[in-house]
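> I have a structure I would like to understand better, so I am pasting it below and will then ask my questions one at a time.
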């Protein structure tokens, strides 16, 4: 197979030193750094629909649209020779030309737009809409926005597939949690909260991509990744390929898997990706407890849903994990444990050998390939042109709504961290006529996209947006992300700044510091940038700082510097990011987003190892995430300012008929029509009247937190149970916000991983400031809402 020899040579060279070591750097062959190592897996395009009208398959059951998807898939797989079966166990499936089955590429990306597609050089199919990164989109606190973005991505993906340039499945969304701020891929996630944010994002994104809850036909097939406990790339040489994450049963149930439960049980995702890392000694892709007991038996994963390994993760079961004695056994262990498709070469390279050695059966292989094709059948792969999505074309990609939504998402996602009143800027009739735009993000284009992006239709940098405004703009870079371009760049920037009425410094971090396979070593502002910002502040001119990037940096020096008049977090705002930033600064739009991660002080990243997965405070670990952190953050999870003033008060309808006490047995005994489980029903509605008492129209966002001392210690500081966004609240007007507080959202996780509802006193509070507080009591005996299964491996390593 193309690329196989080179990957074997590289990985074999690592074998003597890599196996069994917990702190070792490995060649990382999953990303663009070494594309030649995985050339076959990286192939794009060339996908076509089977001919069910007159081709060899047309008279077989797989083309019978009246039959069940599983039966159709099983009939197809039964036609394959063993060699053909083996050749369809990897992400680059060869199909079976003998019977008219086309090749199929499983690896398609859609993190925040169509990517890893066969883009043309110009004209039709040369671009796709590039939305903000998920870390930014989630900050908007608008679940409808998430769904709309996913819906447009799926429409564009369908158009590319219909043109033979994409597939029917996508390796998205990434629903891991941004636990530690150094993680390079935190930008791909919805933030640090698992139960509310990551789970909500998973539900809205998956149902948007798939066309609804368990839609028939599926619009596209979403893949929930990376399952599970994956949130470190290469911190301190702890490679993601070989990390063995030590996670308590309590933390696994409470933090690292609830979003996968929602993805599987509620959103009905049809694919899940197992991750590179091991958890408690067992690699995820050979972990039958994860893939069978939890995912299928407990999380209610759809019957014919399939599991794909992350790219190369099956090989990693052997090297560097050393869980299997060789690559052939790693492949056998993984398929038997429940990894149906190998994004890699281990399955097709070794299943002939594994079959000969009786490590796998034909039935093992058929099970995995049948699951893949059953999902493709659900997506209309064998339905011919009668499938409702087959008429989507390039004209559907060229949609003004898509580009407008990309801008809207960017504008809604920008967080105002600090403002002494300088923002928004008034018109040029004021003293501000000339703006000096300085910094490594000032003329950002592809920087704004983060990672996993396709070519965008256009890129509006901050510089371009401001040049198109009413202000006179002078620009100089001043400094790059981590170094000065030359010895005079900072002095040139200072000269430029002195001649302007106002300074905007656009900096922060980008994919040179945080990305796949690369974590940060610290969470400080790059010293060269902080030095220049300090010098600019010393000029005494109005100064606005844009802090860009997915991960937070310690901005305490800027927060405390009175000469830094405003601080904005812009994340990775996508193709229209520059325009959105300019419009926020000039007051054409009003900020309303909130941080979905904690901004920690710099020493946080120095006092305990980033691979410590324990959330609760312990030893040098001061506690992780807003739920357990015992220190003082620079900016709290949920922080965000407005241009106007809002007052919030409890609505007369808040709660459930103003009850303040609920018996647990009575609550759980209620009929729950419209809900799968009684605990998914709201116990009460946290209803708040919000009035704009300022002079600017603005959206309003809010988070609802619960705190309690019910149940065993230690108790979390608080936890998020809901959020919402009100649009365009006019000055002097009021709107009502309703945040349902479900029974399940009040439960805690015990040491065995069970989700338990405890009797005691509870409070629901609005935002960090606790502007509105609703207190109530749960009475009676504690009740287990969700029973964590006993952990045992159904498949022993070979």
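Each Cβ is built from the backbone N, Cα and C atoms, and glycine gets one as well.
The model shown is predicted, which means the values in this text are computed figures rather than measured ones.
Per Swiss-Prot, the features are:
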type: SIGNAL; residues: 1-20; note: signal peptide
type: CARBOHYD; residues: 23; note: N-linked glycosylation site
type: CARBOHYD; residues: 87; note: N-linked glycosylation site
type: CARBOHYD; residues: 142; note: N-linked glycosylation site
type: ACT_SITE; residues: 310; note: active site
type: CARBOHYD; residues: 391; note: N-linked glycosylation site
type: CARBOHYD; residues: 404; note: N-linked glycosylation site
type: CARBOHYD; residues: 443; note: N-linked glycosylation site
type: CARBOHYD; residues: 480; note: N-linked glycosylation site
type: CARBOHYD; residues: 522; note: N-linked glycosylation site
type: CARBOHYD; residues: 618; note: N-linked glycosylation site
type: CARBOHYD; residues: 645; note: N-linked glycosylation site
type: CARBOHYD; residues: 658; note: N-linked glycosylation site
type: CARBOHYD; residues: 707; note: N-linked glycosylation site
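Quick one: how deep are these features, and who are their neighbours?
Just so you know, the Cβ of residue 87 (N-linked glycosylation site) picks up 21 other Cβ atoms within 10 Å once every protein chain is counted. In the three-state DSSP scheme, residue 87 (N-linked glycosylation site) is classed as coil.
The Cβ of residue 142 (N-linked glycosylation site) lies under 8 Å from the Cβ of 412, 725, each of these being in the same chain and 6 or more residues away along the sequence. Residue 142 (N-linked glycosylation site) falls within neither a helix nor a strand when secondary structure is assigned with DSSP, and so counts as coil.
For residue 310 (active site), the count of additional Cβ atoms within 10 Å of its Cβ stands at 26 [all protein chains shown].
Its own atom aside, the Cβ of residue 391 (N-linked glycosylation site) has 11 Cβ atoms within 10 angstroms in the protein chains shown. Secondary structure from DSSP puts residue 391 (N-linked glycosylation site) in coil.
Cβ neighbours within 10 Å of residue 404 (N-linked glycosylation site), excluding its own Cβ and spanning all shown chains: 12.
Sequence-distant neighbours of residue 443 (N-linked glycosylation site): residues of the same chain at least 6 apart with a C-beta under 8 Å from its C-beta are 461, 462, 463, 475, 477.
When secondary structure is read from DSSP and collapsed to three states, residue 480 (N-linked glycosylation site) falls in the coil class. Taking the Cβ of residue 480 (N-linked glycosylation site) as centre and 10 Å as the limit, one finds 17 other Cβ atoms among all the protein chains shown.
Just so you know, the Cβ of residue 522 (N-linked glycosylation site) picks up 16 other Cβ atoms within 10 Å once every protein chain is counted. Under the DSSP three-state reduction, residue 522 (N-linked glycosylation site) is assigned to coil, being neither helix nor strand.
The Cβ of residue 618 (N-linked glycosylation site) lies under 8 Å from the Cβ of no residue that is in the same chain and 6 or more residues away along the sequence. In the three-state DSSP assignment, the secondary structure recorded for residue 618 (N-linked glycosylation site) is strand.
Taken residue by residue with DSSP, residue 645 (N-linked glycosylation site) is part of neither helix nor strand, so it is coil. In the structure as shown, the Cβ atom of residue 645 (N-linked glycosylation site) sits within 10 Å of 13 other Cβ atoms.
Around residue 707 (N-linked glycosylation site), the same-chain residues six or more apart in sequence whose CB sits under 8 Å from its CB are 715, 716, 717, 718, 719, 762, 763, 765, listed in sequence order.
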> Quick one: Cα separation, residue 645 (N-linked glycosylation site) versus residue 391 (N-linked glycosylation site), in Å?
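On Cα coordinates alone, these residues lie 48 Å apart.
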> Residue 87 (N-linked glycosylation site) to residue 404 (N-linked glycosylation site): how many Å between their Cα atoms?
43
> Taking the Cα atoms as reference points, how far is residue 310 (active site) from residue 391 (N-linked glycosylation site) in Å?
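Taking the Cα atoms only, residue 310 (active site) lies 32 Å from residue 391 (N-linked glycosylation site).
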> By CA-CA distance, flag whichever of 391, 404, 480 among the glycosylation sites is nearest to residue 522 (N-linked glycosylation site).
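Answer for the nearest of the glycosylation sites: 480.
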> If you run the three-state DSSP split on residue 707 (N-linked glycosylation site), which class comes out?
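Where residue 707 (N-linked glycosylation site) sits, the three-state DSSP reduction gives strand.
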